[in-house]
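Notes follow once the structure below has been shown.
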Amino acid sequence: MRLSPALLLPWMLTAALACRSAPRVPDLPLPTEQEARAAASTSNTLGAGDVVEVRVFQEPDHSGIWLVSPEGTIDYPLCGKVELAGRTSSTAADALRGCLARYLRNPQVAVLIREYNSKKIFVFGEVQKPGTFPYEGEMTIIQAITVAGGFTKLAAKNSTNVTRLVEGQERKIRVPVEDIGVGREKNFLLQPGDIIFVPESFF
């Protein structure tokens, strides 16, 4: 049956609107190792819910483990509330060192991040245990697949996709995980918020 132009017009408009409402996520090439490490270093900042260990050389009373509060602070001896949200482990140590220097002579401070609860990655598709996992500093795609239990037998390993927010827009990166696993490609560094999807292989 042939439809008249009058009947075709509403259908064409609906189809056009549907296409506009679901734009394709643009693909990105694999970042260089330098780009990946630069992005990872800026991503490794503290936030509410993270757990840090503070070590002060020869000062056990000022060493210990703290939970970053919902306000982004820890309640630290002598210093009171110290804001750590948005800081790296290095700059957090600088902040604590600056405070302790008012009370101690040349304090040597190190901050270790024990749990990155404020940052997550998401792993879905053909993995044994899909779900949401804590992001750890300079976490790689291999580590993410491992914490998700590894691939299923149906996984298209070299077609693994990482969807990432770049300048406010979602971008998709194809990561050849199988090639990485055997050393043919360099490992891929993740960023907090990355969504990893492993499609099914049809071959």
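Cβ from N, Cα, C; glycine included.
Database features, via TrEMBL:
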type: SIGNAL; residues: 1-18; note: signal peptide
type: DOMAIN; residues: 40-113; note: domain 'Polysaccharide export protein N-terminal'
type: DOMAIN; residues: 119-198; note: domain 'SLBB'
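Mean model confidence of the domain 'SLBB' (119-198) amounts to 92 (pLDDT, 0 to 100 scale). Residues in the domain 'SLBB' (119-198) partition by DSSP class (helix H, G, I; strand E, B; coil) as 15 helix, 33 strand, 32 coil.
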